[in-house]
Amino acid sequence: MEINATTLWRDILAVRTKAPLVHNITNYVVMNSTANALLSIGASPVMAHAEEEVIDMVTIAGSLVINIGTLSKAWVAAMHKAMKKAHELQKPIVFDPVGAGATPYRTQTILELIHETPPSIIRGNSSEIKALVEAGIKTKGVDSTESSESAIEAAKHLSQKYGAVICISGATDHILNQEEYVRVENGHPMMTKVTGLGCTATAVVAAFAAINPSMMEATAHGMAAMGIAGEIAAKNVAGPGSLQVNFLDTLYSLSEADVHSHLKICA
């Protein structure tokens with residue numbers, strides 16, 4: 001594993017050059033913002049959740065995003081199919097357990113999906129990650145009520161059980177597998193006031209996973225790119241509304257100098 005400003009910039013250029021197709025089965029709230037962020041970083045988004053076409057879509061995609069934000073029975077069936085096909089084709093699956101712990105149905109659905117087809121990467125906030133391991137943990141909607149540090153032991157358990165890279169997002173992003181750990185400290189507090197930026201991070205990570213076979217590197221690079229863009233974008237905005245627009249512009253124009261001057265990462 002090698003994660004630094006040079007490798008991050010290398011992968012940003014690779015995403016821009018290769019424009020990987022990222023297949024998203026995601027929620028209604030974030031479809032537009034997620035697609036725009038993927039376009040801004042240089043990837044090609046597709047939002048397809050019809051059970052009748054997900055196998056074909058996964059076949060041509062570079063990676064798969066499963067985001068359970070707005071659950072329905074039909075979407076869950078499509079998620080099962082898409083994950084099985086991606087696993088069969090050895091394509092990265094990036095899973096976002098939105099609101100895990102909020103309701104029994106939501107938590108059980110997540111556990112069934114990842115038990116049947118373990119994902120390559122799981123990205124969630126600390127409450128969501130802990131809810132997948134500990135009974136009785138409650139989340140407040142999709143917002144975390146726990147510190148990211150408190151979820152590290154739960155993340156280690158999940159990684160061991162499913163063989164996945166686990167990303168606990170927060171003010172500091174903790175990324176680990178069974179052998180490696182990295183901490184990303186980029187971002188800005190105002191990013192929490194823009195709905196869907198966590199879900200967007202999951203999709204951006206999937207773009208990097210499509211071009212880098214190291215899931216640890218891909219996760220760290222994706223989270224760092226999001227955080228750096230958020231930091232720069234927040235410098236000259238009045239509030240969350242203008243941040244959302246400026247974030248996309250910054251992600252699009254992110255430069256090698258930006259990466260080298262802003263990256264805060266500890267491996």
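Glycine too: its Cβ is placed from the backbone N, Cα and C atoms.
Note that the structure is a prediction, hence the values are computed from the model and not measured.
Look at Swiss-Prot and you will find MET47, GLY196 tagged as substrate binding site, backed by sequence analysis. Annotation comment: Swiss-Prot describes ARG123, SER169 as ATP binding site.
Distribution of Swiss-Prot features across the structure.
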residue: MET47; record: substrate binding site; CB count, 10 Å: 19
residue: ARG123; record: ATP binding site; CB count, 10 Å: 32
residue: SER169; record: ATP binding site; CB count, 10 Å: 27
residue: GLY196; record: substrate binding site; CB count, 10 Å: 22
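Between the CA atoms of MET47 (substrate binding site) and ARG123 (ATP binding site) there is a gap of 19 Å, rounded to the nearest whole number.
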